[in-house]
Amino acid sequence: MKPNTTNLRNECWDTFSIPKRSQNIKINQSTKHQRSISDFVGTAGPGRQVGNWIIKKTIGAGSMGKVKLVVNILTGEKAALKMIPFTPNNTSQTVRVQREALLGRLLRHPNICRVIDCIRTPACTYILFEYVPGGQLLEYILARGKLDEDLARSFAMQLINALVYLHKNFIVHRDLKIENVLLTQDSRQVKLIDFGLSNFYSKDDLLRTYCGSLYFAAPELLDAKPYIGPEVDVWSLGVVIYVMVCGRVPFDDVSVPMLHSKIKSGKLEFPSYISEDCCSLIAAMLNVNPRKRCSLEQAAKFPWLKKNSFCLYLPIPLTSIPSTPSIRSHVFKPPFNLKVLQLLHEHGLASIPELKHELYMAYIERKTTSLVCLYLLGVESLAPALRIPTALPPVYSRHQRHHSEILGAMDLTEKITAMQCPP
């Protein structure tokens, strides 16, 4: 049985909001960007050449706008241009667009789709993404009915790597589903997209926004309970793994109230061909009690994910929060990097003087705030020597496995040393 794609694509509820701890970061909606993709403003037709880019065709459409394939006529580079029409008095959409553009620019991970550029005009916001030609994981599964466990294992481990990278930077995705996972041309690498519902989290300040897609939503969201953040991503990934190996969603019903009831019950049924190790992992990730639900680090230790080294391909990229205090003090201290502050300001945050003040207060008080996370990600993204590759390296052999285990990733000190870029 294939997933109910109509419901999977359309089911969404509630609105997006900024958590209390981020309210001190003001949204500057009047910011104007003067960047290379400004040539696209006012154009949309296929075959239209503007500047060094030509619009080819529509490759996607979502609730906020269309996505066009564009090609650079000088380099042949392909990119995806997302066009989001401005909607008056829609603050939630404005925040969602700004957040997607900002995080896409700052995050550097081979399993996260990168934002190349962004411009906002009075009529529309244009976001230029790296082009991921393999299409949605949803369509890939539908074309095959289901995936074999070896391939599903590889995709699952890549998504775990991406989510651990986010969570180490105190970011929760909150909208993980098979439509938000793209495949590269060779269908070997996955890329996580759509960070519009993402937010920063803290154990001391629970999130209270209930958003996402119902089939992939954790039961605590349906009960309108506050949550920390990572646990809802774990649940969603458990659903994604189930869909990959079974070809259908774990909880389904034509009645929304009945669907809610099934999700809250957590009762799982597996086809007979699914391995016991795979069933054990999914059951641990789909535990209805968020306190008993396994973490991503625990999931990575399950036998199903450790069965072979095929999927253990890459250390988690450099985290924005250095684990070594001496290195952190070297990276995060006044005077703050003006290019990073300008980048944050251009993507809708506070004025540069306000950003400087908030960062200085965090430095004095030795606090890790959401703004500190953004700043350190910005420092990392603008440092060429520390950039993370976006393509997969050759598959590691078993004797190299310890270099790519999810719990054995290098910390900042080791990464800098390995790249011969002393702090």
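Note that Cβ sites are derived from N, Cα and C of the backbone, with glycine treated the same way.
Database features (Swiss-Prot):
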{"type": "MOD_RES", "residues": "Ser36", "note": "phosphoserine"}
{"type": "MOD_RES", "residues": "Ser38", "note": "phosphoserine"}
{"type": "DOMAIN", "residues": "53-305", "note": "domain 'Protein kinase'"}
{"type": "BINDING", "residues": "Ile59, Gly60, Ala61, Gly62, Ser63, Met64, Gly65, Lys66, Val67, Lys82", "note": "ATP binding site"}
{"type": "ACT_SITE", "residues": "Asp175", "note": "active site, proton acceptor"}
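Here the C-alpha separation of Val67 (ATP binding site) and the residue listed as 'active site, proton acceptor' works out to 19 Å. Rounded to a whole number, the C-alpha distance linking the residue listed as 'active site, proton acceptor' with Gly65 (ATP binding site) is 17 angstrom. Same-chain residues at least 6 positions away in sequence with a Cβ under 8 Å from that of Ile59 (ATP binding site) are, in sequence order, Val67, Lys68, Leu69, Ala80. DSSP assigns Val67 (ATP binding site) to a strand segment in the three-state reduction. Here the binding-site residues are Ala61, Val67, and the one with the most other Cβ atoms within 10 Å of its Cβ is Val67. In the structure shown, across all protein chains, Asp175 is the one of the recorded positions Gly65, Asp175 with the greatest number of other Cβ atoms within 10 Å.
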